[in-house]
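Novice: Okay, handing you the structure first.
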Amino acid sequence: MLFEQIAANKRKTVFIILGFFIFVLMVGAAIGIIVWNNYLNGLILAAVIGAFYILIMVMSSSSVVMAMNHAKEVTSKEQAPVLWDTVESMAMVAGIPMPKVYIVEDPSPNAFATGISPEKGAVAVTRGLLNKLERYELEGVIAHEISHIRNYDIRLSTIAIALVAVIAILSDIAMRMIFWGSITGGRNSRKSDNNNGGGAQAIIYIVALIFVILAPIIATAIQFALSRNREYLADASAVELTRNPDGLIQALQKISGDSKKMEEVSASSESIYFSSPLKSKKNKPGLFDSHPPISSRIERLENM
C-alpha cells in the first residue's frame, strides 16, 4: 500500500507538470493570436520568458527563503542536540547529505525545507515544534521534510511558482497592449481578415482574450494542486524512512490541535510549510489551498 501510494503520487505529479507546461504554451499561443494574429510569435515569447524566469528562480539561494522566514542557522550540535541528531539520522536513512539546520523563533509548531537539490538542502523548524513534539513525532516531521528534499519537491515547486509568474507576466503584457492601443495595426489587419473570413477570426480572438484573462487564476489552481499532491507524497515517503506512521500521525494531530497561527509568515512561502501556517480547519481541499486537510493526511497514513 505504501509503495503504491508513492508511485501513484509520482505519476500524478508528472501529469500535473506536463499539463502546466502545455498550459503555459497555450497561454503564449493565445497572446500571439491577440497581439500579432499569429500564435507562433506567442509560443516563442512564452518559451523565452518561461526559460529565463525559471532559470532565475532555480538559481536563487535557499538563504533568501530562510531570511524571509526569519530562520537562524544552527551551526553546531550543542545548540540543538535533539534536532541535529534527528536531521542527521533521517538524512542518513534517506541517503542524502545532511541538510543545513535552522530554527524559527515562533511558538506555532511548524517546519519547512528548501534547496533545489539534496546537496543544497536545508530544514527549518519552529521553536513551537521543538517544544510540543516528542522525539518520535519530531522524527516523522523531519522525515517528511527530508523527503521533500530527496524527492526534489523544492525544485518542482520553484518551477511551478515561476510558471505561474510567467503566465501572470504574459497576461499583463497582453492586457496593457490592448488597453494602450499598442496593437491598433493588428486590429486593422484583423478587421480585414474578418471581412474575408466571416466572424470566425473574431470568435477566435474573443476566446483567446477570455482564456488569457482567466489563465492566471487557472495556473494558480494548478500550482496548488501540485503542492497538495507533493504533501501526500512526502507523508508516504516519511513513513518509508521511519517505518512508523504513528509518529507522523501524532505530530499532525498535535499541530492540528494547536490554534496559534505563525506570527510572521512570508505569503510566498506558505506552500513550503509542513502544515498551513494559516491554520485552515477545512475537511476538504479547495482549489486554492496549498495543503490538503490534516484530517485527509491522517486518514491516508492510517490506511497504510
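Backbone N, Cα and C define each Cβ position, glycine as well.
Residues annotated as active site in Swiss-Prot: GLU145. According to Swiss-Prot, the feature Zn(2+) binding site maps to HIS144, HIS148, GLU231. The transmembrane segment feature in Swiss-Prot is assigned to 14-34, 39-59, 159-179, 202-222; the stated evidence is sequence analysis.
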Novice: For the recorded Zn(2+) site, enumerate neighbouring residues of the same chain (Cβ within 8 Å of the Cβ centroid of HIS144, HIS148, GLU231, site residues themselves excluded), in sequence order.
Specialist: ALA113, GLU145, SER147, ASP153, ARG230, LEU233, ALA234, ASP235, SER237, ALA238, PHE274
Novice: Taking a Cβ cut-off under 8 Å, which residues six or more beyond the ends of the transmembrane segment (159-179) line up next to it in the same chain?
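Specialist: Tertiary neighbours of the transmembrane segment (159-179) are 17, 20-21, 23-24, 27-28, 31, 34-35, 45-46, 49-50, 53-54, 56-58, 209, 212-213, 215-216, 219-220, 222-223, 226-227, 268.
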Novice: Apart from its near flanks, which chain residues at least 6 from the ends of the transmembrane segment (14-34) lie with a Cβ under 8 angstroms of it?
Specialist: 40-47, 50, 156, 159-160, 163, 166-167, 170-171, 173-174, 178, 183, 204-205, 208-209, 211-212, 215, 218-219, 222-223, 225-226, 229
Novice: Would you kindly give the Cα-Cα distance separating GLU231 (Zn(2+) binding site) and GLU145 (active site), rounded to the nearest Å?
Specialist: 10
Novice: For a quick check of packing: other C-beta atoms within 10 Å of the C-beta of HIS148 (Zn(2+) binding site), how many?
Specialist: 27
Novice: If you run the three-state DSSP split on HIS144 (Zn(2+) binding site), which class comes out?
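Specialist: The residue in question, HIS144 (Zn(2+) binding site), is helix (DSSP, three-state).
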Novice: According to DSSP, does GLU231 (Zn(2+) binding site) sit in a helix, a strand, or coil?
Specialist: helix
Novice: State the count of C-beta atoms found within 10 angstroms of the C-beta of GLU231 (Zn(2+) binding site), not counting that atom itself.
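Specialist: There are 25 of them.
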Novice: Can you name the residues of this chain that are 6 or more positions from HIS144 (Zn(2+) binding site) yet have a C-beta less than 8 Å from its C-beta?
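Specialist: Once residues fewer than 6 apart are set aside, HIS144 (Zn(2+) binding site) is near ALA111, ALA234, ASP235, SER237, ALA238, LEU248, PHE274.
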